[in-house]
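Chemist: First the structure, then my questions, so here it is.
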Amino acid sequence: MYEQSHKSYRPLTVLTFRWNYAIHGLQPAGYHLVNLLLHALVSLLYYRVCAMFLPEFASFVAAILFAVHPIHTEAVTGVVGRAEMLSSVFFLGALLCYARAASRRRCTDWRYVAACTACVGVAMLCKEQGITVTAVCVVYELFVAQKRRSTTGQNWLEIWGKGGWGCACGEAARRITTVCFATLALLAARLHVMGAQLPVFTRFDNPAGAALPPARHLTFAYLPALNAWLLTLPEALCCDWTMGTVTLLKSWRDPRNIATLVLGTSLVAGGIHALRTRSSALSMGLALLVLPFLPASNLFFPVGFVVAERVLYMPSMGWCLIIAHGWRLLAKKRAMLAASTLIFLLLAFSAKTYVRNWDWKTEYTIFASGLKVNRNNAKLYNNVGHALEAEGRYGEALGFFKTAVNVQPDDVGAHINVGRTYNHLGRYQEAEDAYVQAKSLLPKAKPGESYQARIAPNHLNVFLNLANLISKNATRLEEADMLYRQAISMRADYTQAYINRGDILIKLNRTKEAQEVYERALLYDSGNPDIYYNLGVVLLEQGKASQALAYLDKALELEPEHEQALLNSAILLQELGAADLRHLARSRLLKLLDKDSTNERVHFNLGMVCMDEGDAECAERWFRAAVHLKPDFRSALFNLALLLADRRRPLEAAPFLKQLVRHHPDHVKALVLLGDIYINSVKDLDAAESCYRRILELEPDNVQALHNLCVVAVERGKLAIAEECLTRAASLAPHEHYIQRHLAVVRARLAAVAPTNPTNPPTNPPTEVKARWNYIPQQPPDPHETDPS
């Protein structure tokens, strides 16, 4: 979903994360260590920059203030803030290179100009804000480099007006022109990457961006003053300033407009004072304060946040430089006051930074700390709820989600969170009500306006959540299908809606439609392995094994670790029966076993592969492992018992059959086999009779169970009962010769004993009458069970 992107293109920052991951995976210590080292490097480079404008000790003051400033906690402690520091390294590098290039009086060292341009490009590839260093270099050229060349006391405008291309001013013009044109080329490339299209933000991300004038302009004008206040007094810090954190300024009478006016007046006065006094420190301090902040100021284009402390990392360089400059002037007049002020400021900043780092320890602590600063941001309540939800504390999470709804009643995401938590708690009706409420808040269709432009993509999840909930009721599958179709109508490339709809159509036995839905999803996301996997499942439902295998293999080509594709393709390869395919099936199952040795289905299917290869010992080992992992595993229990019985180990098979019948009392095959063992091996006729009678309760016309019950009667010497029983069995299965044969034996025995002692039949039944356990009427016996995929 392309418009979900904030259009950030930071490949070098991402590369450093990849290096971290390659070395130590997701262990956080390495990521934080790199951030700390980068912050230390930025502080050292910043000291070197300050030394160009201030004496050594004043430069140290600026650098140490920068190093401990609490506003940097988000950038340094939050791993994602690495973009700020990486960009700052090359930002400062570009400024130092430009200063070196401009340091010669008559000619330019173009190697440093090239290095400056390269640093600008690299800074931009770390974070977009880095490109503003070009404007800082221009200020440096006009207000610092040219001032140093002036020996007559003229200002830079007079010097520039008298210069030509052959003099120092001409060199300055060429330097500026070169760097500016290179920057414009980089900016054009950047716009090409982001598609020459601004990112799309919701009114919750930046409420002022969706407000009408004058609220929009007054609020945007006030935000720089708020940022300046955070730099000056970083006491009330918050990780998220969106939604209702900053109330909109709706009229000129709002007293906060005074802060806007004060900041504007201060910057203008500072600029004029810098020009009059020709102060390099003040000029560069104002440039470093203002210029890097402009892309995040909302003044030129709306951004996806109201205030973000991390973006003040670069502007704080200007603030620290101005403070150090002022401190130096104070120290000349009142040294003790300057010293005590500096000590207090460093101690206060260090203490706040230390405490603020503990706020960033966990997701819960950082978002809970934000609620201490403001109680009007529904996003903070939602995020605290998410942190509790991740720990399984659904009851507590629900309270925060409900508060988010109360704070921001029109927040669709908050209602979705409430519904999801009710779902976790098993309160399904309340969950459905919450989803319906969220759905009612979505924008309604307008003629000539697409949904895609008006609905945040994550808000469409309400259709998926609601459909998933009601699809638990088999009678509401059509209703769920309608919701998925509605989501797709709002967003044609909503891949997850296609996938979920296909699942519903399979349950409705509309496999042809499901296939069409998945194929349409491939038009929008041809690299999604789940879609290929689902197509494989659909084709399996249609009995197209070869085509199904092709799609499962494609899913594995895209994602070699796709667990369901590995398992089901292995089962399919095994069922295809070819010896060469069994080897591939085994390798895929073993790969799954390496990922998760506790998956009983993998153990079971490895046992089935061994059965197909005729390796009974191997099969027994895998079946036992499957049963150990899941004591009620129906197929594994039966196949293990069957294997043991076939290997003439019926007494070992009996406990597994008992375990199977205990968990699955309706397992007819197990009852038949257990009854056979009771008759022929254990000689427990009562237990055998109980098994057969249980089968006949389940299936009154089960010929196999009826025949074996007849055999019990024979074993007990009740030949008359056996004859009646076998007569009924023969009527149910007249083509089964063994029943006719056994009936004949019983009748012959009755005829033999009738004249001599009709009341005392013989106790030794004919040996020809045996119980049969693997009889299935009118089809070849196939007692093995396979595990359904």
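Note: Cβ is positioned from N, Cα and C throughout, glycine not excepted.
Sequence annotations record features per position, and here TrEMBL assigns domain 'Glycosyltransferase RgtA/B/C/D-like' to 22-152. The region 'Disordered' annotation in TrEMBL covers 754-789. Under the heading repeat 'TPR', TrEMBL lists 378-411, 412-445, 495-528, 529-562, 600-633. What TrEMBL lists as transmembrane segment is 54-71, 83-101, 258-275, 281-300, 336-355.
Just tell me what is around each of these and how deep it sits.
Modeler: Residues belonging to the domain 'Glycosyltransferase RgtA/B/C/D-like' (22-152) score a mean pLDDT of 92 in the model.
For the repeat 'TPR' (412-445), the list of distant contacts is 204, 378, 381-382, 385-386, 389, 394-395, 397-398, 401-402, 404-405, 451, 454-456, 458-459, 461-463, 465-466, 469-470, 472: same-chain residues at least six beyond its ends, Cβ to Cβ under 8 Å.
Remote same-chain residues near the repeat 'TPR' (529-562) are listed as 495, 498-499, 502-503, 506, 511-512, 514-515, 518-519, 521-522, 568-569, 572-573, 575-576, 595, 789 (criterion: CB distance under 8 Å, separation of at least six residues from the stretch ends).
If you look at the repeat 'TPR' (600-633), the same-chain residues 6 or more away from its ends with a CB under 8 A from one of its CBs are 567, 570-571, 574, 577, 582, 585-586, 589-590, 592-593, 639-640, 643-644, 646-647, 656, 659, 663-664, 784, 786-787.
Within its own chain, the transmembrane segment (54-71) is flanked in space by residues 39-40, 42-44, 46-47, 230-231, 234, 237, 281, 309, 312-313, 316-317, 320-321, 323-325, 327-328, 342, 345-346, 349-350, 352-353, 356, which lie at least six positions past its ends and keep a Cβ under 8 Å from the stretch.
Among residues of the same chain six or more beyond the transmembrane segment (83-101), those with a C-beta under 8 A of the stretch's C-beta atoms are 10, 12-13, 16, 35, 38-39, 41-42, 45-46, 48-49, 52, 75-76, 108-113, 115-117, 119-120, 122-124, 126-127, 129-130, 132-134, 136-137, 140-141, 144-145, 175, 179, 292, 310-311, 313-314, 317.
Away from its own ends, the transmembrane segment (258-275) comes close to residues 143, 155, 218, 221-222, 224-226, 228-229, 282-283, 286, 290, 322 of its chain (Cβ-Cβ under 8 Å, at least six residues beyond either end).
The list of residues near the transmembrane segment (336-355) in space but at least 6 beyond its ends in sequence, with Cβ under 8 angstroms from a Cβ of it, reads 61, 64-65, 68-70, 72-73, 234-235, 327, 330.
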Chemist: Mind checking which residues of the chain, 6+ beyond the ends of the repeat 'TPR' (378-411), have their Cβ under 8 Å from one of its Cβ atoms?
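Modeler: Distant contacts of the repeat 'TPR' (378-411): 204, 238-240, 242-244, 362-364, 367-368, 370-371, 417-418, 420-422, 424-425, 441.
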Chemist: Which numbers of helix, strand and coil residues does DSSP report for the repeat 'TPR' (378-411)?
Modeler: 27 helix, 0 strand, 7 coil
